[in-house]
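Worksheet for the structure shown next.
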Amino acid sequence: DTIPCGESCVWIPCISSILGCSCKDKVCYHN
């Protein structure tokens with residue numbers, strides 16, 4: 001499933017990547 005992490009990654013990487021989120025289509029999604 002692609003659950004939004006409530007974070008965008010247009011200018012900076014996903015800070016929520018430490019929680020297992022990754023950037024996709026300029027939005028951070030949970031893996």
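All positions are counted from 1 along the displayed chain.
From the backbone N, Cα and C atoms, a Cβ is placed for every residue, glycine too.
What Swiss-Prot says about this one:
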DISULFID  CYS5-CYS21  disulfide bond
DISULFID  CYS9-CYS23  disulfide bond
DISULFID  CYS14-CYS28  disulfide bond
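Rounded to the nearest whole angstrom, the C-alpha distance between CYS23 (disulfide bond) and CYS14 (disulfide bond) is 6. Within 10 Å of the Cβ of CYS23 (disulfide bond) there are 18 other Cβ atoms, across all protein chains. For CYS21 (disulfide bond), other Cβ atoms within 10 Å of its Cβ number 22.
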